[in-house]
Number of protein chains: 2
Amino acid sequence: MLWEIDFGDTCGPNFHGRTFMDSKEIRDQVVEHLRKKGLRVTKERTAIIEAAFGSSRHFTAEELLEEARKLVPSVSRATVYRTLPLLLETGLLHRLDLDRGERYYDPNYATHPEHNHLICLDCNKIFEFEDNHLEARENEITRALGFAPATKHVRIEATCQRLRELGFCQNRG
Amino acid sequence: MLWEIDFGDTCGPNFHGRTFMDSKEIRDQVVEHLRKKGLRVTKERTAIIEAAFGSSRHFTAEELLEEARKLVPSVSRATVYRTLPLLLETGLLHRLDLDRGERYYDPNYATHPEHNHLICLDCNKIFEFEDNHLEARENEITRALGFAPATKHVRIEATCQRLRELGFCQNRG
DNA sequence: TTACGTGCAAACCGTTTGCACCAAT
DNA sequence: ATTGGTGCAAACGGTTTGCACGTAA
């Protein structure tokens with residue numbers, strides 16, 4: 001129950017041997033969330049939702065704006081920032097705690113609700129992985145401490161073994 | 001190898017049944033780090049180091065400034081921000097990824113280099129814990145993916161079981 | 001029709017930086 | 001004496017917000 005997800009040049013992942021969940025299905029879930037809250041389904045929000053979940057790539061608020069504008073050019077930065085919290089509420093999008101300057105958002109919680117991150121300090125790429133053992137132990141600990149788990153996240157910073165052994169990082173470039 | 005660390009009102013932890021490592025010993029390590037880098041040990045830096053590691057409480061940059069000024073009133077915000085990266089470099093201080101507005105810093109990596117965090121969504125308190133099983137599994141996974149682990153961190157958000165069962169949270173107030 | 005949502009631009013706030021002065025080595 | 005460190009205040013950059021207009025329900 002452990003697999004590797006190779007990101008693209010910057011932060012774009014793809015789960016090996018898996019089909020990315022139909023983006024329309026995810027969008028419907030988000031729209032449903034808006035409806036339940038009595039909020040309006042505007043064309044701007046629709047564009048932002050589409051942009052956020054249209055690929056499996058991590059993104060910043062600015063990148064989301066750019067992408068949403070390809071669908072609805074009039075979308076404003078303010079609306080992106082006002083919509084992001086609504087998406088986070090659904091649990092389908094998470095804010096990542098990369099310690100880079102800007103905040104990154106990860107849309108892959110729709111398809112992999114319990115995934116974790118490994119950040120390569122050599123090539124700066126991000127890999128996603130899931131592991132049942134880890135998850136089970138996290139639950140045990142949480143209950144032992146008298147809590148009920150809500151969100152769990154493991155973040156591992158690591159270095160390429162190959163870089164140290166061979167002098168180059170296979171993930172680089 | 002699992003224990004609970006109850007924070008104070010906001011973010012102040014204390015490891016149960018453990019003596020907090022002598023703050024002087026930690027300061028010496030940090031000073032040594034500065035010397036190795038050929039940097040000067042000024043009274044401002046000394047005050048900031050003292051303030052950072054003088055208690056086990058988490059803190060923001062602003063709180064660190066306030067605390068350092070109790071020791072050396074002339075310490076400036078700029079110097080705090082310029083010194084923080086030096087402390088992080090030592091590995092004795094970590095920046096926390098609480099998703100609150102401001103960044104928090106955790107000075108407990110001197111005494112507990114591999115500890116993790118559990119955040120109670122009901123009372124907003126933070127607990128620290130260590131676990132060998134978790135750690136071992138993290139290492140396994142990292143190596144299986146072809147990496148050598150550098151930094152590992154588990155962050156669990158959870159709700160008080162007691163709040164749900166009894167209607168109140170024992171950690172509140 | 002009428003709130004709610006939007007774009008715009010200004011405000012905000014934590015953090016960084018340029019500069020002239022200061023002090024650890 | 002030298003050169004890195006400091007305080008100050010301005011700049012910076014991501015995010016939030018007030019306001020008047022627009023539009024989904």
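Numbering starts at 1 and runs along the chain as displayed.
Cβ atoms are placed via backbone N, Cα and C, with glycine included.
Annotated Zn(2+) binding site per TrEMBL: A:Cys120, A:Cys123, A:Cys160, in sequence order. As annotated by TrEMBL, Fe cation binding site applies to A:Glu135.
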The correct subset of the binding-site residues A:Cys120, A:Cys123, A:Glu135, A:Cys160 with a Cβ closer than 8 Å to some chain B Cβ is A:Cys120, A:Cys160
Three-class DSSP assignment, A:Cys123 (Zn(2+) binding site), comes back as coil
Its Cβ having more other Cβ atoms within 10 Å than any other among the binding-site residues A:Cys123, A:Cys160, the winner is A:Cys160
For A:Cys120 (Zn(2+) binding site), the number of neighbouring Cβ atoms whose distance to its own Cβ is within 10 Å equals 23
